[in-house]
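Taking it in order: structure first as structure tokens, then the write-up.
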Amino acid sequence: MENEAKANIAAILEHLPLGLAVNHMDSGEALFVNERFSEIYGWPVADLIDIDSFFEKVYPDPAYRENIKKKILSDIQSGIPERMAWKNIQIATKSGRKKIISAKNIPLYQHRLMISTVWDNTEDSIKIKHLFEERNLLKTLVDILPDYIYIKDSKGKFLVNNKANVVLLGDQTEEQSLGKTVFDYFPEDLARQYNEDDLQVVDKASSLWNKEEKITDAHGNIKWVNTTKVPLYNHDDQVVGLVGISRDITEEKIREQTLTYRSKLLGAITEISQSLFANEEWGSVLPFCLEKIGQTIQADRVYYFENFQNPELPEKLFSRQISEWTNGRVSVQLENQEFQALELRQHPEFWNLAINQKPFFCLTKELTGATKEIFAEQDILSFIVIPIFLKGKFIGFVGCDACHEERIWTEEEIAFLQSIASNISIAAQRKAHLDELMSVNGRLNKTIADLSFSNQELEQFAYVASHDLQEPLRMISSFLTLLEKKYTPLLDEKGRQYIYYAVDGAKRMKSIIMDLLEYSRAGRHEIPKEKVDLNVLMEEIHTLLGKTIEESEAEVKHEELPTLNLQKIPIRQVFLNLVGNGIKYKKKSVPPKIHIRALEKDQHWEFIVSDNGMGIAKAYHNKVFNLFQRLHPREEIEGSGMGLSLCKKIIENLGGKIWINSEKNEGTQVHFTIPK
């Protein structure tokens, strides 16, 4: 029975899937080695009996053999069972193949025996090695990406951070960030927002795609990122966290904001220019202009100073504050008596730049003397002042204050304010000419001789006004050209089309102004005659008034018109004024209809321009040709009252006559003749 039991035990041990050997504890000689033990080590049982032969064959490298032998014997001699287990030991089979094994020994001290168990870890080790290599490859790829990549658990704690995100968080190594949350790195309001997004992804298993959000890095720099977050699932398809990636779009955002800001500046220039030139008394719209400046560039205070001289002190130049706007967060200085007689030469830092038509801007703390004192008293931290000149004379300045930050004014803002200053200068010059012209027109009623004089003044006015209009147009064209050259690639097709229309319109306006300049010289120099096809000319008129025609839904038609030998610019101005009047003085809610036809007479051509507008009472049929004659308040219909007066002058210069047939509310027919 006992022998049979031993035989059964031996059979069981022999066929275990685990390698097993029984060694004598004193000699190390193997008393029993099962087949699996031999297979794992790759040596015949006979080569594994002797302990020295075992070590020499299984561990062929002498240095490695010596180290592993010392460790194994030391662990066995310690008598501590936990030390008698070894993992991932490299061995060599008889064929020279390398294998990875793990072993565990069980001492039987009462029998002086050692049971050795062993199992093959080669395949698992290879898999682990491959997984480790793949993980390192993936980690390397993730680390070289400039995007911020991270993995969080369901509680929002960082599990993985690539190098870019580690730098963003301000840590030196990834390990420093693990286990922390956004509340450890970002301001409370931003961290709460990020955490809410995380909870939405984790709790609702929903992805967050391409969200633009603002972040602050470890150095306090504000960045814009485009963030995507997706749920992280385990093998049971449960959400255990999230994977996030944020791409830095700060440069794109800055370009977008810069383009938007420049468009805003350009729009403000247009509005201010229109208000200045739509009002003869430009000073009346100055408060609006200052408000528009302040709101556009977000200044705390904007002001306009006018220079003057005291007859008793002719060698000195003074300045007084005329108008002011504030955002409501700073003190009002309009009633400050110090600013009603400011002696400019007492502020050399400003004076030396101003007389050379250069802007004056800096931080208040950088100033000295009286200039620093006057700004510091108003709690101004930084400012910019733009001088205004009229015909080479320093007449005043416009300025902006920043009282809540030490602001550095950008090139775009400086150019913007210089453009406004230029427009104010032109408006002031125009007002001076208008005042002079009105004075001349007052004397017009005395004698017919004065009529000739006023016509000369009108020619001079047309020349000056047309010449001066080039400056604001140049500024607008410059901004438009800058937008077209630098930002066309960033705009869609419609945006590029809008810029094209604006640039094209500015070019056409410049062409008209140059033509008017030529015509304004007609009193001094003869404009050569040329053959003018009036049908082609009407096409030009239609193009020039295209936007007005479209907006008013006007219908402008003409019959077959002749070709005449005359000066093109004046006759084009006549048709342009008459068609424009037909549109401007339309009936409410009735689209205007303008019709042009020509009648051939023996000695001349008679032209008739008809419209279906509001008409003119008979009492005004002659008065409408007077200079600056208006039949409607400026608030109802814009205009200078010069249109028909200019037409009369042109037709009479051509040797013809002009008159009207009209009844109130029955439309108007304007007749004029041109000699053959």
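Cβ from N, Cα, C; glycine included.
Predicted automatically and left uncurated, TrEMBL annotations should be read as such.
Copied from TrEMBL, the annotated features are:
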DOMAIN    5-61  domain 'PAS'
DOMAIN    134-175  domain 'PAS'
DOMAIN    209-261  domain 'PAC'
DOMAIN    464-676  domain 'Histidine kinase'
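Tertiary proximity for the domain 'PAS' (134-175) is limited to same-chain residues at least six positions away from its ends with a CB under 8 Å from its CB atoms, namely 181-182, 185, 195, 198-199, 202, 215, 217-219, 225, 232, 239-248. Helix, strand and coil counts from DSSP across the domain 'PAS' (5-61) read 29 helix, 10 strand, 18 coil.
Summarised by DSSP class, the composition of the domain 'PAS' (134-175) is 20 helix, 10 strand, 12 coil.
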